[in-house]
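Feature annotations, reproduced from TrEMBL:
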- A:12-427: domain 'TRAP C4-dicarboxylate transport system permease DctM subunit' (DOMAIN)
- A:6-37: transmembrane segment (TRANSMEM)
- A:57-76: transmembrane segment (TRANSMEM)
- A:96-120: transmembrane segment (TRANSMEM)
- A:141-168: transmembrane segment (TRANSMEM)
- A:174-202: transmembrane segment (TRANSMEM)
- A:222-244: transmembrane segment (TRANSMEM)
- A:250-270: transmembrane segment (TRANSMEM)
- A:282-302: transmembrane segment (TRANSMEM)
- A:322-351: transmembrane segment (TRANSMEM)
- A:363-389: transmembrane segment (TRANSMEM)
- A:409-431: transmembrane segment (TRANSMEM)
Amino acid sequence: MSEPLISVLLAFAALLCLIAIRVPIGLSLITVSFVGIAHETSLRAAIGSISRLPYELSTNWSFSAVPMFLLMGFVASETGLTKGLFNASRALLARLPGALACASVLASALFAAASGSSVATAASMSRIAIPEMLSRKYDPGLACGTIAASGTLGSLIPPSILMILYGVYADVSIGGLFLAGVLPGILSVVIYMTMIIVRCGLNPALGGAAADDEIQPFTRKLLFDIAPLPLLILIVMGSISLGIATPTEAGALGALGAVAIALASGKFRFAAFMRALKQSALSFTAIFIIVIGGALLTRYSAVVGLNRMLEDLFQHSAAGPLVLILAVSVLYIVLGMFIDSIGLLLLTAPLILPLAGSLDIDLIWFGIILIKLLEIGLITPPIGLNIFVIQSALDGQVRLPTIFRGVTWFIAMDILTLAILITVPAITLWLPSRFF
Amino acid sequence: RDSLVAATWLPPTHMYSRYLYDYWAERVAHHSNGTLTAEVELGSPRVTALGNLSELADGLADVSGHFAQYTPSDLPVSNAVEELGMTFSDPRVIIAAATEFNIFDPELSAEWTRHGVVFGSSYATNHYKLVCNEPVTSLAEMKGAKLRLPGRAPAAWANSAGGVTVAFNTNEQYGALEKGALTCTTTTAVDAKARKLYEVAYHITDLPITLFWAGLGHGYNKDSWAELTADQRRAVLNAEADTIATFIVDGTLLAEQEARDSLAEEGVSFHEPTADLKESIEAFRKAQPTAAAEIAKSTFGIEDPESLLDRFQSTVNKWDDLLKDVPVEDKEAFAGLIRQEIYDKVDVEAYGLN
Amino acid sequence: MHSVNRLAEFLARLQLALAALAVLAILLTVSVDVLLRASVNAPIGATIEIVSFYYMIPLVFFPIMTLELKGGHIDTDLFYRLFPRRMKQLSIVVSVLLTALIYLVLAYFTFKQAVVSTDNGEVSMGISHLPIWPVRWVLPFVFATSAVAAFLLCVKRFQDRDRDV
Ligand code: NA
Ligand code: NA
């Protein structure tokens with residue numbers, strides 16, 4: 001084995017060890033990169049990297065959209081939008097097999113349109129939908145798997161923090177990515193629901209048989225509860241499409257809109273707003289530390305020569321676009337088991353994007369494929385962020401292996417969705433081509 | 001030492017990648033008879049736009065560039081000189097004058113020494129021009145137009161001419177031009193073509209606004225430089241001379257002409273500015289040396305700004321004379337002049353070694 | 001020890017409040033800029049610089065101390081929960097020492113950078129040359145207090161003898 005390869009494998013092993021002893025993921029990445037850069041170049045270069053990159057990264061204007069989309073989601077959640085969405089979806093889908101699970105998928109998809117992050121989507125839906133399903137004797141694996149998987153729609157359906165990060169790195173239009181995510185998001189919803197309906201139809205016990213005795217009518221009150229959502233979507237996507245705001249600025253308008261809606265509906269509470277501001281700051285920082293760690297690990301991979309190794313591999317094998325995408329899929333599904341989606345994106349984008357560019361792959365389409373792949377990583381063992389979020393929201397009522405078993409079906413559906421998106425690029429590219 | 005890592009954060013498609021890295025690497029191999037190879041990394045995470053100078057000094061790369069505008073406080077002398085940007089017009093003259101001045105002017109070369117970097121060569125951009133989604137050719141059309149400008153001085157002029165300066169970053173300008181949040185951005189034809197701005201902005205005003213050169217085309221890490229033999233250092237400097245000439249002739253001047261032709265084919269119109277707009281920028285240019293001296297003193301803390309700016313101006317005048325009769329396409333003659341007037345005068349046994 | 005904890009709690013809350021203020025400031029500055037541009041064609045020319053330097057730096061770094069103090073970082077206890085008790089204790093000690101060490105290194109070098117920036121009177125790039133040296137001081141302050149917070153959390157875990165330890 002070549003020396004760089006040994007160095008990379010050692011770094012990867014060290015990273016896993018640190019994560020295993022519960023060093024925060026961001027700090028683990030920082031530590032391993034620091035040692036790696038110091039070993040490959042010099043201590044001075046390593047110190048310079050860790051003391052300058054964090055400052056430089058955080059002065060990137062495009063990242064300012066991230067706390068805004070987080071705030072929009074938190075305000076929407078604090079003002080009861082999540083609960084309203086769930087109740088309305090439930091009334092609408094009451095007659096289907098596995099009705100509550102289907103309703104959870106729909107409500108998550110709708111909430112995703114107001115939330116930029118998968119984890120935030122999974123967290124806010126899990127507190128409302130999972131206890132409801134468990135009390136109706138739904139299979140715990142199905143209940144948790146549904147929310148874990150539907151939470152990933154938070155990044156696929158715009159607005160999306162991952163798309164912002166990808167857009168910055170790939171230098172492609174963030175507005176275009178937002179539009180490109182819409183149809184793949186809807187496709188994922190349809191596939192998830194079909195799977196739930198078929199499974200619960202064949203095995204009614206999964207969906208808490210005969211528990212859906214009281215079918216609620218779809219009332220005007222429910223309609224009123226979800227009315228703010230189209231408004232928020234209009235503010236965000238409308239201001240981007242009409243050119244009133246750039247995608248970076250649209251985050252601020254969306255958050256402002258969420259506050260305005262809360263004020264107008266009389267649900268604005270100062271304390272809740274303060275809580276949402278602090279929550280946004282905390283979540284953003286927790287994410288950003290991983291962004292910093294990812295950037296440092298990327299630098300380590302450059303000085304150790306990983307980029308060159310990958311480039312050589314692809315150039316010498318004369319690989320075409322499809323081979324690249326398949327290779328990337330395997331790489332992401334494997335690495336996605338261990339590394340969180342943002343870290344993985346930041347880690348690999350600088351290596352993969354030049355390859356994709358040289359093969360004339362459409363970078364918007366490629367971005368959506370990558371995001372779907374990254375989202376699978378959120379629900380695969382052993383490290384699946386959405387799973388942990390759900391587990392902590394439930395205070396350990398459901399055991400981890402049960403949840404991982406429950407998401408297996410959804411992972412299979414994600415792979416099906418991916419196959420469709422890869423073979424039919426038009427699903428992704430049609431909508432942006434209408435506007436851009 | 002038989003190899004140097006040359007890294008840039010700029011993407012492989014950028015002109016600088018093509019000429020200052022790939023082409024330069026060929027010339028290094030040629031002039032050193034293969035005793036030195038350059039390992040080129042384009043779009044490299046070793047270096048970043050803002051941190052490039054420190055990253056080079058820290059040894060993350062042996063060779064890299066740096067745009068001085070990104071770190072005004074780290075490079076006060078470079079930025080002070082560039083305040084004159086709006087008063088110049090010929091990139092050939094500027095890249096040669098800037099290279100000479102950075103190597104031989106004591107005040108400016110001390111700035112590189114202080115940062116632990118050996119100055120290798122300059123870069124220079126072509127003129128930036130207004131690239132607009134509706135014609136902006138006169139003071140009347142300028143009034144209220146939303147403009148994205150590349151620096152303090154151009155923004156001051158545009159504001160004085162009635163324009164409104166708007167904040168967008170490079171990634172956002174396409175969308176902003178398309179949707180009308182921006183009337184004009186300011187850039188070269190090459191860049192307008194590379195960023196596909198012609199899809200959304202069909203009007204370019206033929207009014208040179210400013211150009212840029214401050215910073216490093218190539219700087220060398222001090223320790224890596226010291227590890228080269230004197231012959232290798234000579235070979236590297238010879239490669240720099242070829243690179244400057246080819247980059248500025250093929251990659252800048254001729255590329256700009258090609259880009260203009262192909263933009264015209266894409267339906268972009270090039271507009272002659274009206275007299276009042278020209279007069280406005282002329283008046284601003286006349287006042288610029290005085291204004292530049294003031295800013296050099298107040299913002300950049302230069303003790304004797306008049307002397308610094310005069311020294312640079314006389315270097316520019318010298319190259320104006322030297323290049324007066326050299327045809328633009330004649331790369332060999334230009335490279336020869338650069339060798340004769342600049343690099344041959346560099347003592348490779350001493351330069352950058354203390 | 002009790003008063004150290006109270007002081008740390010106070011500092012963490014103060015820093016988080018400043019970060020929350022920065023979120024609000026981004027919301028207001030960007031919205032006002034967009035609305036002014038769209039309505040009366042008089043945008044705030046320096047929005048990008050103001051947001052990038054004055055708001056983003058405090059927003060990114062100030063919450064770190066709270067994350068440390070409350071154990072709010074993104075981590076995973078998937079393996080950790082399988083460890084025997086001794087191993088858990090060892091994990092905590094190693095993890096804390098490492099964390100505190102990183103923060104101290106960061107505090108030292110960002111402090112040096114802050115001194116240099118202050119001496120230079122560092123200004124932002126771009127068209128407005130805003131003075132940005134003051135925000136450089138956010139980093140050493142945050143990293144120094146976070147190192148203390150990491151240490152306090154470790155002590156607290158051992159004192160409380162919660163089921164994790
Ligand atoms: Na979303
Ligand atoms: Na995973």
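Just so it is clear, glycine is given a Cβ too, placed from its N, Cα and C backbone atoms.
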For the transmembrane segment (A:96-120), find every same-chain residue at least 6 residues outside the stretch whose CB is under 8 Å from a CB in it, and list them.
65-66, 69-70, 72-74, 76-77, 81-82, 85-86, 88-90, 129, 132-133, 136, 138, 142-143, 146-147, 150-162, 164, 185-186, 189, 192-193, 196-197, 199-201, 204, 206-208, 212, 226, 229, 232-233, 251, 254, 258, 283, 287, 341, 375, 378, 385-386, 389
By Cβ distance under 8 Å, which residues at least 6 away from the ends of the transmembrane segment (A:141-168) in the same chain are close to it?
60, 62-63, 65-66, 69-70, 72, 98, 101, 104-105, 108-109, 111-113, 115-123, 125-126, 129-130, 133-134, 174, 177-179, 181-182, 184-185, 188-189, 192, 196, 199-200, 206-207, 236-237, 247-248, 250-251, 254, 287, 291, 341-342, 345-346, 349, 367-368, 370-372, 374-376, 378-379, 384, 386-387, 389-390, 394, 398, 402-403, 405-411, 413-414
Does the transmembrane segment (A:282-302) come near the transmembrane segment (A:222-244), with 3+ Cβ pairs under 8 Å (pairs 6 or more apart)?
no
Any contact between the transmembrane segment (A:250-270) and the transmembrane segment (A:363-389), i.e. 3 or more CB pairs below 8 Å with pairs at least 6 residues apart?
no
Need a quick answer: max count of Cβ pairs under 8 Å to the transmembrane segment (A:409-431), which of A:6-37, A:57-76, A:174-202, A:222-244, A:363-389 is it?
A:174-202
Average the pLDDT scores across the domain 'TRAP C4-dicarboxylate transport system permease DctM subunit' (A:12-427) and report the rounded value.
83
